[in-house]
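K.L.:
Below is one structure. I have some questions about it.
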Amino acid sequence: GPSFCKADEKPCEYHSDCCNCCLSGICAPSTNWILPGCSTSSFFKI
């Protein structure tokens, strides 16, 4: 994934913290860009 994304399963607070910052506060796998409760494409490449 993009180099600015944090590692999968690391803590996140904002959509800029990782490719998929879930509502649970954990980065989802960067290979899964659309997951329930996680960031969607509108959050990417900001």
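Placement of Cβ uses the backbone N, Cα and C atoms for every residue, glycine included.
As the structure is a computational prediction, the values presented were derived from the model and not from experiment.
Annotation source Swiss-Prot lists disulfide bond at C5-C19, C12-C22, C18-C27, C21-C38, citing similarity to another entry. The 4-hydroxyproline annotation in Swiss-Prot covers P2, P11, P29 and is backed by similarity to another entry. Look at Swiss-Prot and you will find F44 tagged as D-phenylalanine.
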K.L.:
Quick one: pull the CA-CA distance for P11 (4-hydroxyproline) versus C27 (disulfide bond), whole Å only.
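P.N.:
Roughly 6 Å, rounded to the nearest whole number.
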K.L.:
Tell me the coarse DSSP state (helix, strand, coil) of C12 (disulfide bond).
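P.N.:
Reduced to three states, the DSSP call for C12 (disulfide bond) is coil.
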K.L.:
Ranked by the number of other Cβ atoms within 10 Å of their own Cβ, which of the disulfide-bonded residues C12, C18, C21, C22, C27 ranks first?
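P.N.:
Per the Cβ count within 10 Å, the most buried is C18.
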